[in-house]
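Everything on this sheet refers to the single structure shown next.
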Amino acid sequence: MKVIEKILEAAGDGRTAFSFEYFPPKTEEGVENLFERMDRMVAHGPSFCDITWGAGGSTADLTLEIANRMQNMVCVETMMHLTCTNMPVEKIDHALETIKSNGIQNVLALRGDPPHGQDKFVQVEGGFACALDLVQHIRAKYGDYFGITVAGYPEAHPDAIQGEGGATLEAYSNDLAYLKRKVDAGADLIVTQLFYDTDIFLKFVNDCRQIGITCPIVPGIMPINNYKGFLRMTGFCKTKIPSEITAALDPIKDNEEAVRQYGIHLGTEMCKKILATGIKTLHLYTLNMDKSAIGILMNLGLIEESKVSRPLPWRPATNVFRVKEDVRPIFWANRPKSYLKRTLGWDQYPHGRWGDSRNPSYGALTDHQFTRPRGRGKKLQEEWAVPLKSVEDISERFTNFCQGKLTSSPWSELDGLQPETKIIDDQLVNINQKGFLTINSQPAVNGEKSDSPTVGWGGPGGYVYQKAYLEFFCAKEKLDQLIEKIKAFPSLTYIAVNKDGETFSNISPNAVNAVTWGVFPGKEIIQPTVVDHASFMVWKDEAFEIWTRGWGCMFPEGDSSRELLEKVQKTYYLVSLVDNDYVQGDLFAAFKI
């Protein structure tokens, strides 16, 4: 979806939209840390995020890779910067074709900074001289496919600013006229350079309107995180610093936390003044840090740390090819990125009903399913790489996770238990202590309001429902006892399978069972998660593989702990259990063995 469409949609709904900007880190570890931070920030619902191109085109390949992951794994509408620096037309087209094939529809077209070691921009042979050329090229070659954003400079482009007096009136007017040419050439959105004098920005908006620029103009807000960085950035961009800001910073410039808190306060006040004029979108330059940007949005009441809205129980895809997808199997609830990778490239994605458009061709398991960000891998190593002498020791790990003593699990890409799981955490602890090792669960829900902070999704005004669900590993003797007990509970349905594919079940192999649904005004019933026998058979391979490639690999070859995990992998069963009575059912009654 185009960013301009999301901004106009938010304005039509009376909502204030916000967005975050990131830059490509220099190290692999930095990239993984950025994605962990980005995941947390995107949970707050930005309309889009953008990723910069890098000075002189120095990060072109990394920018393309990060943009792809943002759009298709983080599932946030992504806008990629594209510059003319060191970019002949064929490289520009390669970048555009790449993001188009990855389902990205948004570009921020820039001239770009001079290459490293140079003071002035020089047009590369076979390339473009300015952002206007780039906008014209994109529109001429790709028509209306891309949403094109361009930069606006409230104090004029830095090249037009001479000394501390700022740009001359003539230079400022020429810069405005050039901005209008970019919009007339096909740009549909303007995001501004950073500024700290709000009156200058508001005058800039008015001046744009006076010369016929009608598209939305989004203020670029850069929170002050530290004093030296603030001076470096404002010096590079030739940004005016109001005297009151200098006076406020001078006494605290050596106190980094005090500077950050002042930056949050200043950013909040700037945004309040801007929003009061009727502007309904804010763009936050994060510098790859989260605290200041999140602090400003919280102060403005645009987000709540304890109440993150969810359009669906899982984060919807933003890729243009799967944007209508609204049904998924529940099995990957704690491993959403693995699901995205294994379903990448489907011709169709389920919309409305799983059975109508499902594609059974899941991607094969690869190392990607079992690689983790370095920080998460370290946490797993600390919490799960402990000596294991018996299955009771294994059970203790699962129990500790359900009790919140551990914050990671080899079977989850998420941090700790999800809020809704805490409704049943006592029961989960009980059955894990009995040797039923849970990896996925949800409580029964009967008509909770859709804005409930624990189980809500889909926005206000609706009601949500859930069937109680459990997924766990257990030994064969425990499975036999459980199956016998289930016979007394007609509302319970199950599928049990071991690593080799030996299956026990009381449902048809063709059955598809909706386990989550929502009722909203003026809409058909939405059924976003299902239990599907065929998909469970695909998921079981991944789930069993985690015993060795996700946990056992933490121990050396021949280690007794590793051998114990391998034995469990070969002998245990993976069980999917649903209580179809979401009103009076008791899923855990069957475990009173």
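Just so you know, glycine gets a Cβ as well, placed from its N, Cα and C.
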Residue from Y22, Y285, Y339 that Swiss-Prot also lists as binding substrate with D113, Q193: Y285
From Y22, P24, P25, K26: binding-site residues whose CA lies within 10 A of G112 (FAD binding site): none
Cβ neighbours within the same chain of Y285 (substrate binding site) - under 8 Å, at least six residues apart: E21, L194, G220, I221, M222, P223
Most distant Cα pair in Å, residues D113, Q193, Y285 binding substrate: 17
Cβ contacts of P25 (NAD(+) binding site) (under 8 Å, same chain, 6 or more positions away): V31, N33, L34, N288
Secondary structure at Q193 (substrate binding site), reduced by DSSP to three states: strand
Among K26, H81, K182, which are binding-site residues, the residue with the most C-beta atoms within 10 angstroms of its C-beta: K182
Conformational class of Y285 (substrate binding site) under the three-state DSSP mapping: strand
